[in-house]
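TrEMBL annotations:
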type	residues	note
DOMAIN	89-281	domain 'Glycoside hydrolase family 31 N-terminal'
DOMAIN	344-472	domain 'Glycoside hydrolase family 31 TIM barrel'
DOMAIN	545-658	domain 'Glycoside hydrolase family 31 TIM barrel'
DOMAIN	666-756	domain 'Glycosyl hydrolase family 31 C-terminal'
SIGNAL	1-17	signal peptide
Amino acid sequence: MVCRRVVLLVLLIGTLAVRREDFKTCEQSGFCKRHRAISVTRPRNSQNNSLKENTGYELVPQSLKSVRSRIDAILQNSEGKLAFRLYGLKDASVRIQIDESEESIRKRFVPAEALDGEPGEVLLNHAVFSLLTRVVVTFKPFFMDVYNEYGELVAQMNRDGKLKVEQYRVKEEGKEYPENFWEESFKSFTDSKPFGSSSIGVDISFIGFRNAYGLPEHADSFALKSTVGNTDPFRLYNLDVFEYELGNPMSLYLSVPYIVAHRKNATLGALWLNAAETWIDTQSSADSKGLFRSVIDRVRGFTLRVPHFDAHFMSETGIVDVFFFGGPGPRDIQRQLSRITGVTPLPPIFSIGYHQSRWNYNDEEDVDQVNEKFDAYDIPMDVIWLDIEHTEGKRYFTWDEHKFPHPREMVNRVAAKGRKMVTIIDPHIKIDNNYPIYKDAKDLELYVKKSDGSTNFEGHCWPGSMICLSFKAKRDEVVLYFGPEVTMNKDALHFGGIEHREVRLVGSCTICMAYGNIPPLSKAKCNALVVRTRCGWFLLFAYCHRSGFVGTQRTAAVWTGDNTADWDHLAITAAMLLSLSVSGVPFVGADVGGFFGNPDEQLLTRWYQAGSFQPFFRAHAHIDTKRREPWLASRPTMQAIRQAIRRRYALLPYWYTLFREHMITGAPPMRPIWFEFPNEENLYEEEKAWMVGSALLVRPVVEKDTYSVKIVLPTEQNKKTRWFDWESGIERTAGVLHVDVPITHVPVFQRGGTIIPSWQRIRRASTLMIQDPLTLFIALDGKGYAKGSVYLDDGATHDYMKGAYISAEIEYNSFETETWIERIEVQGLAHAPHNISIVRSSDPTDALEFSYNGDRRTLTIRKPLVSITQSYKIHISF
């Protein structure tokens, strides 16, 4: 088995393209080929309930049982029986499971850990309601219709009769089986299947929709393209793909089998909860010569001819486990999805600042110089990253004693400026009996086994010979591995006898841990300190990785992996991040400047400008690239980069408030325009512009030698939205706009009716700005009204969970009044102040009268003599 990163050192010499032959196509994947070949088994005339050649499934009426929030039944066809379960869930959601019956020779794996606890269930009645979502089940042939709260048919499952479940079995001598049913070879690797092929698949149609999104991670357009008749299906199979190609459905690092479809007045989400290798064929009626589908609305009793978006999910194993989220709007969908898969906890404020990284900073002196030069050039920065070269021979959780002999002191020098340091570790463990982590895990039997169940699975990667911790070992830590298709053999066994094929999408390729001021502890205790933070220690620490699955947002930020320093990779970044954002993974970013290659100054500048308006803002580069810290560029370029980074820091209160909003509602900070303007059909496929929260529209320059860009400023239904240029404050009319974009300019517009909190005193790190005063940018709508919010806490601890925070709703309305403030009372003060003064606009400071009641801990400020519409500050000194 060969690690992908080792291979790339050779590839750099000869080619800069992905080696497509290293990765399977659907035609080379036995189960994908079989499922994709399924023809429609149910006649197109849906009123004809006869099965064609009796190959489809039907629901056995006598088996139907209703148990509170669940309906159970048996499905059968000529090949056997399956267990069917339908659950009514809270918040207009339903769950459908299809599994082997209890007589199965082996229990199938369900990735329950991906969910944020057990989904909340509701009682079902015989009409199968889940609050506002209705499901109608047809027994023969078996398929399901899903209706939203308006009674509109929005989805059908197994409408094309593609449900297929290959059941576990014992091999019978002399019996013929499909090709690749018991073992499968690719190149020099052979994958054994001791229980036979166990693949599953079913079709899901989004009725009335032309556009759908999601299925991250792919370097492709935001709106999903049709794959039927054009390309391979979209593949989900966590991989490290060298310099990944753009515009194709190949797998990348992360897999979230989720689709959200959107149209005017309706949004629908479908989650395919399966952790095995998965392929998804997609087809939109917009891409199939405008063909509409005839469907029978069995609630309202008439036939419809409507557009549709079809998806055919095909997984190597597991069960059919589908969640439908009924919406009906984009915000509803994000809330419903987050209730099932969870949200990103409020990140520490340093983690949404700027990160400076490369593979690798050479030694302690190099780190110190980088740390100092950010100050010398007045560029804020919160985190310095060290890649895996900081370790002793790739023994993770150690330090190279020659290059980093005094890590505690080095980290403390970084921390003295209010900054943090991140150390990157990979999940494989070097085989070395003198390496305590390897030996301890070996003694505890925590490693993945070969298919024989007893021999440790070994491979080759950065440390040389290495071994992999089981993702199910003890604490359920999740990792990703590298063999066939530059990954682990599918018949390798995890803790509890789980085959690797069953958990293929569950993974974390790289783990990054942030250190602040390290106390004088041993290395082992320092490592334990980081682990304690994951269990809720008082400081907030940041974790990030390239790989993941459903629910990965609950533990970490994500970046899009090893991109390339070219304009096409810059342009595709927004589409990739929007796809992740609407799929429930909001803390996302891409390597600014590109990981591979050397960007010219124009590309580097434009990438910084775009990255400053994306949730995770980090510059990173390959070990063989030229150094590209901002001050190494020409002075004009350095100034433009500094301007972009400082703009990010000015908006940190807004970003922090957006992450708080996400934690409560599930809404991502980075949003497609249709999220805020759901009826703007001409912007449903927009991927170069996006919304930051509800207030800012951003359209960075992602094309070479571009000096003017076309922007469409959307408007709300039934009213004209006002827009204001962020830099000049000039009002712009909604509609098509052509904007000049000199190298220092990024088109950013504030939406009328919004209020944005900001910091205008830019310091060297965000942690030094937390007590600074706020500046509010108010953009009025057509009625002279604006509203917004601001959330603040200490930015560093979990104390906000105990109520230690300020969350304020702010409104501005054009209302004249003579009302003035007579008295202000502050309750809960532990001590009496020494003096209190007030500053009114440009007037001199005046002392105010006050009294303090120690028993009630109440401070009363008398007669500040200001109008409620007047701006003022009150200073309380203790």
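Cβ coordinates come from backbone N, Cα and C, glycine included.
Confidence annotation: the domain 'Glycoside hydrolase family 31 N-terminal' (89-281) carries a mean pLDDT of 90 in the model.
The helix, strand and coil residue counts that DSSP assigns across the domain 'Glycosyl hydrolase family 31 C-terminal' (666-756) are 7 helix, 34 strand, 50 coil. In the domain 'Glycoside hydrolase family 31 TIM barrel' (545-658), the DSSP tally of helix, strand and coil residues is 56 helix, 14 strand, 44 coil. Residue counts for the domain 'Glycoside hydrolase family 31 TIM barrel' (344-472) by DSSP state, with H, G and I taken as helix and E and B as strand, are 37 helix, 31 strand, 61 coil.
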